[in-house]
Each structure stands twice: as C-alpha cells, then as structure tokens.
Amino acid sequence: MVQIIDGKALAQKMQAALAKKVESLKAEKGIVPGLVVILVGDNPASQVYVRNKERAALAAGFKSETVRLSDSVCQEELIELIEQYNQDDTIHGILVQLPLPHHINDKSIILAIDPKKDVDGFHPMNTGHLWSGRPNMVPCTPAGIMEMFHDYGIELEGKNAVIVGRSNIVGKPMAQLLLDKNATVTLTHSRTRQLAAICRRADILIVAIGQGHFITKDFVKEGAVVIDVGMNRDVNGRLIGDVAFDEVSELASMITPVPGGVGPMTITMLLEQTYQAALRRVSQ
C-alpha cells in the first residue's frame, strides 16, 4: 500500500512552529521578519502563487508587502525598486516572481538582489555556497523536498536518486542537496536517451518538467519514492502533476500528490529562509 507524502499537513505544522518563533523574535528583539514579493504583469498562475505566499506570510506573523507592476515596466525601474528594498532594514527577504516579461533579463534582476535577502536562493553567490557544500539561501522547492525526506524518515545515503529536469530552480540545486546527503544522483533532461530505463533504476525519483502525466508506471520501479514537482492543467482545467498519480501509486512505496504535495512546502521554506535572514540581521 503506497504511503502519501502529505506536504500540506507538514507545511501547516512547520508554519505553526514558525509563527511561534516569529512571535518570540518580536517579543525579545522587537523585529518582525519582512518579506516583499514583486509581481510584474498579470500571469494568472503567478498571481495565485503570490496570493498564497502573502496569505501564508501574514498568518505566520510576518510583515508582508506585495508590489504589483505593469508588464510594461522597464528593467531599470525594476532594478531601482529592488535597490530600495535592499536598503530597507525592515525587509529581510526579496522575491521577484518568475517568469518575467521577455524584455526583462532574469539574470540581471537576480543579480540586483542583495544575496543576504535573496530568499529564493537564485543569486550566484548563494548558488556558489550551495555547490561548495555550504548552503545558505537554497531554492525553496528543493529545500522543501529535503524537509519532506527528513520528516518521513526517507534514507538518502547510498540510494540511487534520479531527477527529471535540470532547471536552476529545481533540478540542479536538488542534485547538490542529495549529493550532500551521499545519494548517488543522476540528473536527466530533454536530451537524455533511454529516460524510462534510467528512471526505473531510481530508489528516489524526482520529476520537475512541466508536462502533465509524463511519468507513467513504465518509468518507475516497484518500491520507489516518487516526488512530483509538476503543476499543470488538464483539458478540464484540473491541476495535475508530471506523474500519472493513479497508475504510479500502484508501484511506488511513497508518493507526493498534486495538489497538496510539494507546493505548500515551497512556500513554507520561503518563509523559513526569510525568518533566518531576519535572525542573521539581529546577530550582525
């Protein structure tokens, strides 16, 4: 019988504990962790993500700001806004919601964020810390998945872990975090040959490609742990993952659902890293 990895329940537990830590920080040091989310344009999915982040931040006792900009905003204006928040001592975390309009260079925007406030973990300084085995700010989705492994007692050392998708947001940082735990990692992508055969060797299979129900039972060995990062809409508008949940559940020992799996943990780690940034500010 497959065990469902309930990311929603774990996120609720962690956010409740975080709210208590925030309350203590405010009482003892007079500091409230501050998070600003900058949204450019009117991408419907991004709007949903931003609302969820704002709601969770306020519920945990954070100072939360959301800046909504027209998709016609120029890159220089956006960088100027980021610089203002870099200098704002009441803001400990800055997140620019991706994707950005085509006329704005993502890399330039990420570089503009103070690495100490880069709670998405995308700044080259933070990726350098991650790849040198000294993680500081870590991309939130991989960080959330690692918390799931810990909470559910999933052993990583010596296990074969296969990641489908090599993005800077999930695939690459996920690979490094697993290597740090002594897993044997294979990072696959759209040019990988015999993908199904490689996936069938996985004790732990992590999928982040943005293609609904791409991973079927033909990709999964019996007893594997399957982590589905995908968020897609089917023809009826229903939210589905990259993994064909029903058929893969027949083989997997543990699996994350969509929705209610990885997504809530991503937001939780965003808040946790903002809190940690506020703590570091106190100790300076």
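A Cβ is built for glycine as well, from the same backbone N, Cα and C atoms used for every other residue.
What Swiss-Prot records for the NADP(+) site is Gly165, Arg166, Ser167, and among Ser132, Ser190 the residue it adds there is Ser190.
Across Gly165, Arg166, Ser167, Ser190, which the record gives as binding NADP(+), the greatest C-alpha separation is 11 Å. Those residues of the chain, other than Gly165, Arg166, Ser167, Ser190, with a C-beta within 8 angstroms of the mean position of the NADP(+) site C-beta atoms are Val164, Val170, Gly171, Thr188, His189, Ala208, Ile209. Non-local neighbourhood of Ser190 (NADP(+) binding site): Ile209, each in the same chain, at least six residues away, with C-beta under 8 Å from its C-beta. Neighbours of Gly165 (NADP(+) binding site), defined as other CB atoms within 10 A of its CB across all chains, total 22.
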